[in-house]
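Visitor: For 96-117, 123-142, 154-174, 180-199, the entry in TrEMBL reads transmembrane segment.
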Amino acid sequence: MAQAVEEWYRQMPIITRSYLTAAVVTTVGCTLEIISPYHLYLNPKLVVEHYEIWRLVTNFLYFRKMDLDFLFHMFFLARYCKLLEENSFRGRTADFFYMLLFGATVLTGIVLIGGMIPYISETFARILFLSNSLTFMMVYVWSKHNPFIHMSFLGLFTFTAAYLPWVLLGFSILVGSSTWVDLLGMIAGHVYYFLEDVYPRMTGRRPLKTPSFIKALFADDHFVVARPPNAGLDAGARFGAIGQDPQVQ
């Protein structure tokens, strides 16, 4: 069993493995009180006035206490981050890293701007960690790249992947969880999808072209994997189980 887990971990692509490891180590460290969450959360005043720049990164690594919700988000992080990196961004590690960097920047900007708007500033002030939002952004982008894959929600009903973010948002409402973090992830994901996939088709220009200094950080294979219009129909090949619908757990 341990060997199987180790093999699964080692086969993860580099960005997924790094992010998952950092998230687990940070959350476990906080649970064991080795690290204090008070040194990790997003605090614009401390960032600007006390130069605690690391908070712009660490707030994306802490997933609160280790409970069922933590396992739920680790599952989605490992699954959809891996699927994106291995399929949509295959051979384009730098582009995938840039997507995460762009999403983190958009999420941080929304929270900072929202904190200055009357009537809703208190709501945004309560958003201290954006890790769940970044995970939800990846789910949203994956659903846009694979809209025709058939999925099942706990065996209760089936739907296509295009509706996955909305199904998860509805589930959050049913269990009484805050929907703000999910909505922020959807907004960031849609902004990225529009600028990276829709806008270039409309204008021929690509505003989110990955900077050369980021490309220099990764030794990517220089090839492009063509994705036919009906690629999403091959659900079995993508999920490694022909004839079975992936389960949303």
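Cβ from N, Cα, C; glycine included.
TrEMBL entries are annotated by machine, without manual review.
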Visitor: Who are the chain neighbours of the transmembrane segment (123-142) in space, where the CB to CB distance is under 8 Å and they lie at least 6 residues beyond its ends?
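Guide: The answer is 23, 40-43, 59-64, 73, 76-77, 80-81, 83-84, 88, 99-100, 103-104, 107-108, 110-111, 114-115, 117, 161, 164-165, 168, 180-182, 184-186, 188-190, 192-193.
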Visitor: Given a Cβ distance threshold of under 8 angstroms, which distant residues of the chain, six or more beyond its ends, lie next to the transmembrane segment (180-199)?
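Guide: Long-range Cβ neighbours of the transmembrane segment (180-199): 99, 102-103, 106-107, 110-111, 123, 127, 130, 132-141, 144, 165, 168-169, 172, 205-208.
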